[in-house]
Amino acid sequence: MLEAYNKHVDERAEKNIPPKPLTAEQTQELITLLTSKTCDDKHALVQLLAHRVPPGVDPAAKIKADFLYQQIKEENPASIIAPQQAIELLGTMQGGYNVQPLIHLLDDPRWASSAAEQLSATLLIFEKFKDVEEKAKQGNAWAQKVIQSWADAEWFLRRPALPEKITLKVFKVTGETNTDDLSPAPEAWSRPDIPLHALSML
């Protein structure tokens, strides 16, 4: 799996575009390698798990979130991913399948503080807001902190300030520009792969 993916990375680099994210099947293979005793370069595997699995509600994201939550609950000293790192990785997933595990951890005294920190920076909560709200009403101090953090927009205020000056480039196209210039119909097959499809624009 690693050899095939690294070959894919090299092929995409030749076109100056990023590699595709891992599929659900590749993510499952990755986790199998991570939990095996025979794999040598587990650091590289963790980097793939951290940066190459799509966030949100992609099937691969669910596999990743379930695996990370399992690492936290099992708290296995031999695991390549420590619970604190697993919580931080859950926090990078932007919303979707990572939300419920983080909400569950608000009830765990060992990890509630870390889970609250990650949830405070997660905005794509949708109907799971009610779960956090209910915990807050029941007296869960960490859920209350998350609600207050969202209300205070700390997720926004923590971000770096905009620079006073931003230099941009404008690309002027002669003649009439329409959607086919930006997304040519003959290249429609590549539309799901945005970096690749972008090579055919204009």
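Cβ coordinates are placed from backbone N, Cα and C, and glycine is handled just like the others.
Copied over from TrEMBL:
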- 4-156: domain 'Aconitase B HEAT-like' (DOMAIN)
- 169-202: domain 'Aconitase B swivel' (DOMAIN)
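Within the same chain, residues 12, 15, 17-18, 20 sit at least 6 positions outside the domain 'Aconitase B swivel' (169-202) and bring their C-beta atoms closer than 8 Å to a C-beta of that stretch.
Summarised as a single figure, the pLDDT of the domain 'Aconitase B swivel' (169-202) averages 84.
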